[in-house]
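Undergrad: Would you mind keeping the following structure in view while I ask a few things?
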Amino acid sequence: MPAAANPVHVTVTGAAGQIGYALLFRIASGQLLGPDTPVHLHLLEVPQALKAAEGTAMELDDCAFPLLAGVDIHDDATAAFAGANVALLVGARPRTAGMERGDLLSANGGIFGPQGAAINAGAADDVRVLVVGNPANTNAYIAQQHAPDVPADRFTAMTRLDHNRALAQVAARTGSSVDDIARLAIWGNHSATQYPDLSHATIAGRPALEVIDDEGWVHETFIPTVAKRGAAIIEARGASSAASAANAAIDHVHTWVHGTPAGDWTSAGVVSDGSYGVPAGLVASFPVTATGGAFTIVPGLELDAFSRARIDASVAELVEEREAVRALGLV
Ligand SMILES: NC(=O)C1=CN([C@@H]2O[C@H](COP(=O)(O)OP(=O)(O)OC[C@H]3O[C@@H](n4cnc5c(N)ncnc54)[C@H](O)[C@@H]3O)[C@@H](O)[C@H]2O)C=CC1
Ligand SMILES: O=C([O-])CC(=O)C(=O)O
């Protein structure tokens, strides 16, 4: 049966890339927005990748997804974002072995200003934007700065992959199920300076740090493993994370739209309102809840000296990235 009228319009940039290939089929099958919501996909690619995007669109057709109301392919951002309700900004060059994500600033930063302007010009009033392309936080900042008419809280950056990596590490260490772990948080930048924070986390209701009972493991193994996982995947796979990144993008938007479970939170890069001393306007990762289609930074958490120093270090990197994009004339 064809999908019902009034589908949600979802624009995906970098549609012919490796994350795009892992993402589009899951969106079209209903995993992004739920089993009752038809979607119309708008794929944005650079001209030289349009043919590959067409091939992916042919495969989407061949899946006969009942929820897929249509697929358009564009090489023009204004057309691709016209009427978009959800915008997944994936298209950007990935890093290769030996690079830090910040090394991509000048290569990728130039993509996100024009895309922010196109979202400002023509996206739907309820548009929600997730930036995946690296450096994700600062690219989200650039896009948001070019979209003055869109509420700033509609621009987010992906740190859900870091959050999921942290859940997996804790589950493996403690022999627990990821479902039993709550209130874990990723703070700061989606980079090696990020702070995966277990100080408020619980495992089956007990303080996670008490269950783990090994501060050395937390500081010397857990934090660096999560923070450097992207590089470890590149080293092992010869290419950066793709399926796990697509999965995290699905989780991020699904949570944004459908909400966080009672008593738990997740992590997302959101525009800071000055909470926890993070300069207002920066796109930084915080523990967040989602209700009614909006993320809220979890208020009032106590931060010990270790957490404070780690957050400050990652935020200092975000400030440096902001200065760099200002110097490059990208904002
Ligand atoms: N935030 C996160 O947790 C993660 C972010 N990433 C980042 O996601 C980005 C994409 O990664 P992959 O899919 O593996 O890369 P890829 O190289 O396989 O695909 C990127 C695609 O983007 C397209 N593209 C480039 N410029 C574009 C533009 N202006 N408009 C539309 N499309 C454009 C390219 O033609 C290519 O098809 C990279 O920057 C990567 O570092 C990857 C993993 C996790
Ligand atoms: O590390 C990379 O370059 C890709 C990425 O963002 C990740 O896997 O976290």
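Each residue, glycine too, has its Cβ placed from N, Cα and C.
Note that TrEMBL annotation is computational and uncurated.
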Undergrad: According to TrEMBL, GLY14, ALA15, ALA16, GLY17, GLN18, ILE19, GLY20, ASN108, VAL132, GLY133, ASN134 bind NAD(+); which one of GLN115, GLN144 is listed for that same site?
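TA: That NAD(+) site, as TrEMBL gives it, pairs GLY14, ALA15, ALA16, GLY17, GLN18, ILE19, GLY20, ASN108, VAL132, GLY133, ASN134 with GLN115.
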Undergrad: Under 6 Å from ligand 1 by C-beta, which of these binding-site residues make it: ARG101, GLN115, GLY133, ARG165? Sequence order, please.
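TA: Only GLY133 qualify.
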Undergrad: Who sits close to ASN134 (substrate binding site): which same-chain residues at least 6 apart have their Cβ under 8 Å from its Cβ?
TA: ALA92, PRO94, ARG95, ARG101, LEU104, ASN108, HIS190
Undergrad: Just to be sure I understand the packing, how many Cβ atoms besides its own are within 10 Å of the Cβ of ARG95 (substrate binding site)?
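TA: The answer is 20 other Cβ atoms.
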Undergrad: Who sits close to ARG165 (substrate binding site): which same-chain residues at least 6 apart have their Cβ under 8 Å from its Cβ?
TA: PRO196, THR225, VAL226, ARG229, SER244
Undergrad: Measure from each Cβ of the binding-site residues GLY14, GLN18, GLY20, ARG95, ASN134 to the atoms of ligand 2 and list the residues where some distance is under 6 Å.
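TA: Near the molecule: ARG95, ASN134.
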Undergrad: Same chain only, sequence gap of 6 or more: which residues have a CB within under 8 Å of the CB of GLY133 (NAD(+) binding site)?
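TA: Within the chain, GLY133 (NAD(+) binding site) has Cβ neighbours under 8 Å at THR13, GLY14, LEU89, VAL90, GLY91, ALA92, ASN108, ILE111, PHE112, ASN139.
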Undergrad: Residues with Cβ closer than 8 Å to the Cβ of GLY20 (NAD(+) binding site), same chain and 6+ apart in sequence?
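TA: Within the chain, GLY20 (NAD(+) binding site) has Cβ neighbours under 8 Å at VAL12, GLY14, LEU43, ALA53, THR56, VAL90, GLY91.
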